[in-house]
Amino acid sequence: MPIIIDKDLPARKVLQKENIFVMTKERAETQDIRALKIAILNLMPTKQDTEAQLLRLIGNTPLQLDVHLLHMESHLSRNVTQEHLTSFYKTFRDIENEKFDGLIITGAPVETLAFEEVDYWEELKHIMEYSKTNVTSTLHICWGAQAGLYYHYGVPKYPLKEKVFGVFEHEVCEQHVKLLQGFDELFFAPHSRHTEVRENDIRGVKELTLLANSEEAGVHLVIGPEGRQVFALGHSEYSCETLKQEYERDRDKGLNIDVPKNYFKHNNPDEKPLVRWRSHGNLLFSNWLNYYVYQETPYIL
């Protein structure tokens with residue numbers, strides 16, 4: 001089934017080239033189907049790349065999704081045009097009286113700041129509080145996961161001596177959890193962050209369950225009661241080239257950046273990246289949508 005997006009959204013052409021079924025809102029209105037309402041709060045500066053990455057994954061399911069893109073009203077985005085935001089995005093004020101089946105909160109390059117120092121923290125707190133009563137399930141990614149764990153459960157983040165950067169092996173910590181249906185006991189996921197949350201802190205909160213962990217990268221997947229809140233500290237949505245682009249960006253700036261681990265063939269940045277996380281990335285998003293959104297949401301929101 002398709003994802004329903006604006007016919008002029010640039011990501012639409014990218015997805016169509018990959019044979020991912022997308023549908024315009026105009027066509028969807030002619031069908032007698034109750035599509036799932038999914039909001040994506042896009043905190044990334046590279047908004048169009050993130051749009052394509054997430055739409056690629058949530059579009060690879062049997063479910064019909066009506067996607068709403070959100071941006072922070074209290075933050076000035078410098079890497080995307082105002083025209084793009086005006087054409088394709090809404091703010092929280094635009095949707096605060098609506099209910100959604102699912103919400104995705106992305107990462108953001110602000111992890112070295114204290115949460116309270118982030119210029120849109122107050123607005124984000126309102127959105128996370130809203131999600132508790134107006135969203136069936138919320139998936140938090142990377143810094144978005146750190147922010148959610150901190151806001152909802154008081155779990156702190158800690159600075160790392162070295163950036164966790166690359167593709168890392170993870171072990172499933174809990175069997176027979178719906179979010180991990182079909183997962184291998186060992187699987188890969190990308191990480192790109194300067195801070196961490198710690199296993200002991202997660203296990204110290206009785207409402208939280210640690211689902212997947214990595215010896216090198218640390219905590220990856222955590223879930224709250226009844227799956228209302230899901231936290232992914234890694235970046236299972238990343239495309240093949242994303243880590244390469246981040247590495248080349250920082251290298252060209254003269255920053256002290258290591259080659260991403262377990263990513264390039266033979267660890268040689270002149271060779272092609274080796275994708276080892278795609279299948280589990282698709283499985284993570286499809287399980288979330290199926291078991292924690294579609295199976296749990298009421299027909300009438």
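Placed from the backbone N, Cα and C atoms, the Cβ positions cover glycine too.
Going through Ser137, Ser192, Ser236, Ser279 against Swiss-Prot, the one listed in the substrate site together with Lys163, Arg249 turns out to be Ser192. Geometry remark: Arg249 (substrate binding site) versus Cys142 (active site, acyl-thioester intermediate), CA distance 20 Å. Spacing of Glu111 (site 'Important for acyl-CoA specificity') relative to Ser192 (substrate binding site) is 11 Å (Cα to Cα, whole number). Taking the C-alpha positions, the distance from Cys142 (active site, acyl-thioester intermediate) to His235 (active site, proton acceptor) comes to 7 Å. Looking at Lys163 (substrate binding site) and His235 (active site, proton acceptor), their Cα atoms lie 14 Å from each other.
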